[in-house]
Amino acid sequence: MATTAMRMIISIIFISTYVTHITLCQNITEEFYQSTCSAVSRGYLSALRTGWYTSVVTIELSKIQKNVCNSTDSNVKLIKQELERYNNAVVELQSLMQNEPASSSRAKRGIPELIHYKRNSTKKFYGLMGKKRKRRFLGFLLGIGSAIASGVAVSKVLHLEGEVNKIKNALLSTNKAVVSLSNGVSVLTSKVLDLKNYIDKELLPKVNNHDCKISNIATVIEFQQKNNRLLEIAREFSVNAGITTPLSTYMLTNSELLSLINDMPITNDQKKLMSSNVQIVRQQSYSIMSVVKEEVMAYVVQLPIYGVIDTPCWKLHTSPLCTTDNKEGSNICLTRTDRGWYCDNAGSVSFFPQAETCKVQSNRVFCDTMNSLTLPTDVNLCNTDIFNAKYDCKIMTSKTDISSSVITSIGAIVSCYGKTKCTASNKNRGIIKTFSNGCDYVSNRGVDTVSVGNTLYYVNKLEGKALYIKGEPIINYYDPLVFPSDEFDASIAQVNAKINQSLAFIRRSDELLHSVDVGKSTTNVVITTIIIVIVVVILMLIAVGLLFYSKTRSTPIMLGKDQLSGINNLSFSK
């Protein structure tokens, strides 16, 4: 019997395991633009979350007497231990929902408090293993983000008097029903585990019989399996402060999740998309602890609604583009900062700057519009003409030429500068390419790894077509003397404006220097002219004086006849 039971357990585990088949992306094309050191990967289809679908999940609980058959039978002991774990799990869930005023104040403190709490809640979960813990508030955080706003709203309504009974009564004769809550919202409710009827009508009667013996170990195993789900749900809510993501198979099994997807008010194409990508759906879903009362545990499951599907998506990869002609330490660099996922959406483009928030399955891109920016379609011009006049492309600048590599969908961008050695290798042939200084690209065809210095990068092995678009690196158009550095959130227009300001300042400085030089030259000319005039005047005076003097010395004294006669007469008169 034990062997049969073990086979049953193995078969259940096998059936409930979700196996994903990894397929190669088809029709992926990649364009590398040498002028901007960027690459665009195309050929993807969208699956954009635009809304949430909330559903209430219930588990029927049972109030168990503490004194259950004091037999020494081994099977009964196992049952009693399992019942003790069950009781502790229920107590854990009840303590989770206590102290609501504290929850409201804690919700105001928000996500940092939640993160701090989760770090301190990863210790071994003793409460479900038979050791009673001190009562503490584990958290039912309200309003920690718009992502779970709709689920939290439904959870708050379930705390109102009569709401749980309304759900409980609706599920008396069925495992699934639509219930209209007091806030006017209709939600699909489902009962995934009925521990109450099983414990009250099947388990306890067997334990409390006249001889307190259980001859069949299968009874113990069956209860352990049913109880294990409750224990795991309690553990998840406990260590995650009442809100968990992704959605585990304990919260909803695959069959339950597929059934819920089928009941969602969406198109058949959307249902098909979600059903074929269950693991992605789980990653983007939440479960929110609600209430434990009236022998019912209720929690909200919040699933994504992909309102935009099958529109084209592309991913932009960027790497630093630097000059290579200048001396070490004097180079300038420019990097496009608009990297991320882009998807067409109703005449515009949804941009997801944090690419890691999007999940890729084959050639399907699952993104949350809550993490997106809406841009005009002209943003595509940045790939082919970064200096276009219709859209101001985003860049950052620096004067630090750091070598690095960016792995793309079907290749790698390599920014290699200075004395760094950069190579591409094949696992069988070794180094097949050595990169020179600058920005370059290599496809994954025949390439397994890219090495930049001491860092090794493994390229993706997806199939696709790569196109190398050559062009003059735009960084060469800029003058290092006026290039602005450390602009982390700028655009082409802003950088050009700063360059123009610098050039205008230089021109103004030159003009001022020129005007000063001209003034000095004029003054010097005047002074020189005056000096020359003075010297000329002096020279002229000297020349006139010398001329007069020389004429005076060279002219003989002429005596008149009277003077001569008088002299003669005088001489004769003696």
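Any Cβ shown, glycine's included, is placed from N, Cα and C.
The topological domain 'Extracellular' feature in Swiss-Prot is assigned to 26-524; the stated evidence is similarity to another entry.
Same-chain residues at least 6 positions away in sequence with a Cβ under 8 Å from that of ASN27 (N-linked glycosylation site) are, in sequence order, GLY43, ASN363, GLY464. Mapped onto three states, the DSSP output places ASN27 (N-linked glycosylation site) in coil. The N-linked glycosylation site feature in Swiss-Prot is assigned to ASN27 (among others); the stated evidence is similarity to another entry.
Feature annotation from Swiss-Prot assigns N-linked glycosylation site to ASN70 (among others).
The coiled coil annotation in Swiss-Prot covers 76-96 (among others).
The annotation N-linked glycosylation site is assigned in Swiss-Prot to ASN120 (among others) on the grounds of sequence analysis.
Per Swiss-Prot, the feature region 'Fusion peptide' maps to 137-157; the stated evidence is similarity to another entry.
Among the features that Swiss-Prot reports, coiled coil is placed at 158-209 (among others). Mean model confidence of the coiled coil (158-209) amounts to 85 (pLDDT, 0 to 100 scale).
The coiled coil feature in Swiss-Prot is assigned to 481-516 (among others).
For ASN500 (among others), the entry in Swiss-Prot reads N-linked glycosylation site, with the evidence type similarity to another entry. All protein chains considered, the CB of ASN500 (N-linked glycosylation site) has 11 other CB atoms within 10 Å.
Here Swiss-Prot flags 551-574 as topological domain 'Cytoplasmic'.
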